[in-house]
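> One structure coming up, written as structure tokens, with questions to follow.
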Amino acid sequence: MKKTVLIFIALCTFHLTISIAMSAIAHSSFMAEYHNGQGLWNFSLDSFNYHRQALDSYEMLSNGEYLKWWNTDFYRHTDYIGLMYFLIYPSPVSFAPINAVAWALSVISIYLISMFLCQKDQRLSGIVAIIFGLWPSNLLHATQLLRDPFFNLGVLLLILGWVAMLNGHRKIVYSFMAAGGIILSETIRAESLWLLLFCSFLATGTIILWKRQAALNALLALGLVGLFYNYPAITAQAGETKSVSENSNDNFDEAEKIEAVKKQLKASLGAEYSPELDKNISTWFVSHHVWDFETRKNRLLVLAGEHKNGLNAFLTKWLKPWKTTSWLPAIIEHQLFSANGYRNGFVVWYLEPGTSLIDSNVIFRSINDVVAYIPRALMIGFCAPFPSHWFSTGKTGGRAIRALGGMEMFAWYILMAGFVIFLINSPVPVYIKTWLIIFMIIMILPLGLFVPNLGTLFRMRFIYMAPILIGGGYGIMTLLKTYIFKDTKPAHTYD
């Protein structure tokens with residue numbers, strides 16, 4: 001226990017040192033093109049918004065408005081950032097101690113998971129934990145004001161708890177880890193709840209079938225989650241979106257402005273400007289009247305720059321209503337319809353010149369569209385960004401961040417090959433390997449479907465790839481022992 005505490009303190013100290021160094025650079029003129037000069041780095045643009053919200057929380061606390069601070073509509077973690085600003089100083093570096101604790105606990109969690117999956121190999125587990133902690137994008141993001149470090153910790157606690165119980169361990173702490181991981185993850189990203197619950201129910205069923213001695217622990221974990229949440233009755237209206245033509249009777253005194261935009265697009269598109277495109281542009285302005293004219297105009301011009309000659313095909317698909325199905329339960333279709341809103345946002349409302357999108361022309365307007373895209377989504381979810389993206393210039397981080405992402409993806413490809421060896425050669429029971437694979441697919445597939453922004457996909461996917469990091473490390477070590485170090489010792493049996 002004393003050794004574990006010392007390791008935890010050392011990890012926190014290391015992370016604090018990195019955070020302070022990053023903050024110092026971000027307050028200087030050094031590498032000025034990569035930060036805002038006030039402690040925040042451009043590779044984590046969400047931190048800018050969280051910082052603004054935290055400053056509002058700081059003002060509430062400074063004015064003694066404690067209830068107002070607690071009841072704000074901000075992300076909960078920005079309230080805690082504001083609290084650290086209030087307790088220490090209103091600067092991003094004040095949140096570094098909290099980030100350090102989350103990062104250190106994550107490193108320890110990955111070590112413990114690896115111990116379960118790698119026959120209690122302390123050396124290999126230590127190497128995996130170090131690689132995880134020093135993984136460039138993970139470490140850099142953990143120094144900012146992002147939600148990711150806390151979500152990552154929640155997911156790792158969930159994996160640790162369920163892997164332990166899948167191994168038949170009955171310590172009650174693993175039940176609390178699994179339940180706490182779900183609760184922490186949902187607190188950070190509410191949309192993850194149902195996916196994590198599905199994986200948890202699957203783990204519970206597997207435990208009941210294969211490791212009955214831990215069945216009560218698994219049921220306890222689910223019970224703890226049930227106690228925490230007051231599950232509402234979900235009545236799903238199956239996403240019946242009105243056709244945009246139903247809004248066409250709205251009258252706006254914008255005819256001259258719309259004609260000016262059409263004239264501008266005619267000049268840029270030339271012969272590609274067709275009567276059908278002209279009609280789609282008119283419908284675009286009418287159907288999105290909740291936005292002011294300049295916003296609609298700006299979005300349309302950005303789309304024209306993104307799709308060029310494909311603008312008409314994009315608008316034709318975009319302006320179609322969602323087509324409901326009769327074969328899918330309404331509650332599932334409603335969830336998919338809601339998730340599709342993320343993709344809509346990325347390909348239209350958050351699109352900016354230079355944004356790193358993949359398949360920005362793909363729009364879903366039915367479940368059939370979603371299903372047809374699943375093979376491509378799996379490839380994107382696990383393997384993007386592809387080599388063609390590695391050496392281009394990114395909008396927020398420039399060429400350096402893209403190159404770093406390319407190096408990380410190359411490492412992931414190697415680890416994936418090692419993971420295949422783990423699946424074939426490791427004595428870990430097949431049912432545990434199967435659960436790990438299903439867990440990754442369930443969590444990563446929605447990202448490939450609904451998050452076409454490569455930077456966001458890259459950041460959000462990282463923690464779900466933890467089994468590949470661990471299993472890949474095992475597979476690579478197996479190859480090294482077999483062909484490099486010529487290890488002739490018999491393999492350990494799985495415990």
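For all residues, glycine too, the Cβ spot is worked out from N, Cα and C.
Keep in mind that TrEMBL annotations are predicted by a computer and have not been checked by a curator.
Not my notes, these are from TrEMBL:
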- 94-117: transmembrane segment (TRANSMEM)
- 124-143: transmembrane segment (TRANSMEM)
- 149-167: transmembrane segment (TRANSMEM)
- 193-210: transmembrane segment (TRANSMEM)
- 216-234: transmembrane segment (TRANSMEM)
- 403-424: transmembrane segment (TRANSMEM)
- 430-450: transmembrane segment (TRANSMEM)
- 462-485: transmembrane segment (TRANSMEM)
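How about a rundown of where these features are and what they're close to?
For the transmembrane segment (193-210), same-chain residues at least 6 beyond its ends with a Cβ under 8 Å from one of its own Cβ atoms are 155, 158, 162, 165-166, 178, 181-182, 185-186, 217-219, 221-222, 225, 335, 429, 431, 434-435, 438-439, 442-443, 446.
Cβ atoms under 8 Å from those of the transmembrane segment (403-424) belong to residues 135-137, 382-387, 389-391, 397, 433, 437, 454, 458, 465, 467-476, 478-479 of the same chain, restricted to positions at least 6 beyond its ends.
Within its own chain, the transmembrane segment (462-485) is flanked in space by residues 110, 113-114, 117-118, 124, 127-128, 131-132, 135, 137-138, 148, 151-152, 155-156, 159, 382, 412, 414-423, 425-426, 436-437, 439-440, 443-444, which lie at least six positions past its ends and keep a Cβ under 8 Å from the stretch.
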> For the transmembrane segment (149-167), find every same-chain residue at least 6 residues outside the stretch whose CB is under 8 Å from a CB in it, and list them.
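Distant Cβ neighbours of the transmembrane segment (149-167) are 77, 99, 102-103, 105-106, 109-110, 112-113, 116-117, 138, 141-142, 174-189, 192, 196, 199-200, 203, 206-207, 210-211, 214, 217-218, 221, 429, 431-432, 435, 439, 443, 462-464, 466-467.
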